């Protein structure tokens, strides 16, 4: 993408037409920031979204799916400190009431808004009702702060963190020197249940490009399939994953679909790298690349088998080039594999080929933080790659003491 | 099974007609016992077996699959300290040479034996050739010890241990008071890759019943499907899993098929409990039971989803009744689930039902070593259960420092 510049010190407020803010509403017992608002000043209010494939969907996901059917969003309200999942009809009423409160506050501030224009995202422990007095007071606080002129993209990114250790945001300034200056910005959280279909991942992407909802939908679904969908930390899939893309049209520039696709993809790809690097307990950033499959789908399936194999993941935590575990994972594919034609390499060094290990296979150095596992199946031309992490003591610690 | 008595201080030599022995052949650097022989004195030599479903099969598995086609085995030679997997044609030649050496030694001792009557089982690190001078000297040693009259069932069980902390064996004496006295004995190893299709599990079952190979095959496949196949520690499936059943006919009693099925099932079920209790790093013995599925197959699929979920497993390590993770795992089923009709309980206490958590859900006591997770899908009458374990620091330790 020539002429495009990616920067990580900006996020959802980098594109024209957006404000954002984060506050501590008292949902988290720690007193840390726990609510955020992203507001689209327009002139356009087009939007698209993708949500978790999990059949157990949190109340805010059910709400957001409904409002997304209009292809139009004025604002996104987000909270950490509670997932509002598995909370039944009362939980759905809470999500609805939150959207209503945002719409009311924005309307009082002077921007006539309906609840149907407000998406809601939540993250945190499954199964508890949100403390609605705090949430509703938080909404008032958010809109007051925003009305005061705050453009707090990073504050918003911080307010949605759970076990994340750093906020994640990025902006792509598209061809600023060409005179066609338009921008995509984004923020995300997610450090644990990064999974086949997204993560406990909340992500809001903004752009000042002119684009209708269909164009946004195409760009977002393609980007998510190539990025978030191929980040797989533990194979677990959250009840709350939501990725939203909002366009303000403030740049008055309408990129063609390919330009829009490329820009959204670049932003999502960078966020994925940030999410992977901050995954729970991660000590290794691992890429599993599979080539030579009958199809890209079979390559992807094989890459996931390897990326989810706890014996592979623990070996990588120990910097152990235990390639036999990679082969054993490949051998569980539901389509034919010829072990004698499979090639396995670690960080570019072939460790197994033509049915035999390389003499130096046990001494490949995996002590660095980045590991590439590459497998060629010698069957066809299908390829795919998955980003994953090792399985560490830190992962066990963070996940064995979460709700208590 | 009235009239049957299960004892754990006996194993493969409990039935008449069997000898077994274990020795230290020097395959393991530690000097620990690492080779075992189970010998069938007859009069019958019928046999059946099941092996790993992994497409990457170790050389001894490929060898054993071939010799099992005859339905007849005189002996099984087993080694720990090396899997002889992913070792190519030279590795297969090593397995073959080991069987030939056993056949020669037994023939010299006076029991005319062909290599085709000798199954070979190996366990240990994937990818290294076995030290054949030690293996072949070990074969000579094994037959010498056995010729000396040793009936060392427990020695054999010890010699096949890898990360196991205790040997596993059991014997079922069938109706000894009825006069129809016949016995099934068994030994097994496996503490790590316990998986959908067996484990890095080697298991030899012996009986002095009179039974043809077809009857043994039926009893063994049914028992394995109900026991080893439903023990799933980490979803990983070994290249070496092998379960063999040998009958000597020495009791001169021919049980009917149902009796044989029940006896083999009881022995396999007890071994499974022993394997689960000694799994790598285990601190909890977990049973995941699913009821109310459309079919038993769907119930089994759902139980595996839960049993393999790292977030569920780490929560259980922390004695955390984090039922939301169970629901999130269920929500990834590839068939329709209605979250509002799902019921989840821990140790008999309902934690989620009718779309809402139970008020006491967070305080269910999971501090004990045994945990039952029960999920009802309210769709049909299908049921299934999986045995699994928690995901602990011990698991990470043992598996991050295995080959190095």
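Just so you know, glycine gets a Cβ as well, placed from its N, Cα and C.
Bear in mind that TrEMBL entries carry predicted annotations, made automatically and left uncurated.
In the three-state DSSP scheme, residue A:200 (active site, nucleophile) is classed as coil. Among the features that TrEMBL reports, active site, nucleophile is placed at A:200.
The substrate binding site feature in TrEMBL is assigned to A:162, A:189, A:200, A:280, A:399, A:404. In the structure as shown, the Cβ atom of residue A:280 (substrate binding site) sits within 10 Å of 26 other Cβ atoms.
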Specify the secondary structure state of residue A:189 (substrate binding site) as given by DSSP, simplified to three classes. strand
Looking only at A:162, A:200, A:399, the recorded positions on record, which one has the least crowded Cβ, with the fewest other Cβ atoms within 10 Å? A:162
Three states by DSSP: which one describes residue A:399 (substrate binding site)? helix
Who sits close to residue A:189 (substrate binding site): which same-chain residues at least 6 apart have their Cβ under 8 Å from its Cβ? A:80, A:123, A:157, A:160, A:161, A:162, A:164, A:167, A:168, A:201, A:202, A:203
Taking Cβ distances under 8 Å as the criterion, give the subset of the recorded positions A:162, A:189, A:200, A:280 near chain B, ordered by sequence. none
Whole-Å Cα distance, residue A:399 (substrate binding site) to residue A:200 (active site, nucleophile), is 13
Give the distance between the Cα atoms of residue A:280 (substrate binding site) and residue A:200 (active site, nucleophile), rounded to the nearest whole Å. 12
